[in-house]
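Annotated features, as they stand in TrEMBL:
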- 25-49: transmembrane segment (TRANSMEM)
- 61-81: transmembrane segment (TRANSMEM)
- 87-109: transmembrane segment (TRANSMEM)
- 121-142: transmembrane segment (TRANSMEM)
- 148-173: transmembrane segment (TRANSMEM)
- 180-202: transmembrane segment (TRANSMEM)
- 208-229: transmembrane segment (TRANSMEM)
Amino acid sequence: MPVQCAHKQASTAMAGGLFSMEHPWASAFGILGNIVSFLVFLAPVPTFLRVYRKKSTEGFSCVPYVVALFSCTLWILYALVKTNSSPLLTINAFGCAVESVYIVLYLAYAPRAARLRALASVLLLDVAAFSLVAGVTLLLVAEPNRVKVLGSVCLAFSMAVFVAPMSVIFVVIRTKSAEFMPFSLSFFLTLSAVAWFFYGLFTHDLYVTLPNVGGFFFGCIQMVLYCCYRKPKAAASVVILPTTAATAAAQAAEMELPLAALDAAAVLPVLADLPVLADLQKLEEAMGSPRKAGIKAI
């Protein structure tokens, strides 16, 4: 029993404070995790600057930001219950502030239907679900088991968040294009997973260590796929523009173009007809238009 208590005290000491000379490795990876996660949280800033300038959300979803806010609140609660987890507390407090700003901007400029969906997501996940988790943990769970219960919830949710990029991975494989998977974001997410993995390892916190194993794995897969599909296939570099919308849709289906490319192909034929009409008019003027001569065309 005294050995277990000493082990817990050592783990608590390593987890406390942003930097400790007694446990430099845990402190170093905690600070590195804060720095990298800080950059990851700020990655959507250009998107929301564009939203602010255009006064429109341009149809994108706010679900990732609602989920990120929920994740930050869970980890803040975990850090407060565990105590002496300053690196977890500081970065997730910053994440809560940033994600809240993103959501407020989305609610301000989204269409009414999208705004209502976003508001419902915030109320269900960030308010109701978090209140349920906090209430059950603090009121119904005995104090010695709170860290274990809350850590298990954070672990399960974090694993679900790390598995979410599988949909993007499938899109990259299907379209043979890494257009929808920026390398820089995948790199920083992987680096963040490495930093928090070692922080959890040196603080003997399995609830921090285990989910970041999955984060590192999926981050590496994304970077490998980016290296494989960063350039389009040579056969697809030359595309013959169709002359009708029906032909465009058929060829797009055969080539498995992304949705944005399909929309562009559907517009191009309409614009491509305009130069043809202009050339016909010039030809008539050069040869003498039959309509001008009053001759009935057969």
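Just so it is clear, glycine is given a Cβ too, placed from its N, Cα and C backbone atoms.
TrEMBL annotations: computationally assigned, not manually curated.
Source: prediction; values computed, not measured.
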### Task
Determine which recorded stretch among 87-109, 180-202, 208-229 has the most C-beta pairs below 8 angstroms with the transmembrane segment (25-49).
180-202
### Stretch in 148-173, 180-202, 208-229 most in contact with the transmembrane segment (121-142), if contact is a CB pair under 8 A
148-173
### Query
List, by number or range, the same-chain residues at least 6 past the transmembrane segment (180-202) whose CB is under 8 A from its CB atoms?
14, 23, 25-26, 29-30, 32-33, 36-37, 39-40, 43, 87, 162, 168-169, 171-172, 208-210, 212-213, 215-216, 219-220, 222-223, 225-226, 230, 258
#### Entry: Outside the transmembrane segment (148-173), six or more residues from its ends: residues with CB under 8 Å to it
67, 70-71, 74-75, 77-78, 81-82, 133, 136-137, 141, 180-181, 193, 205-207, 210-212, 214-215, 218, 221-222, 225-226, 229
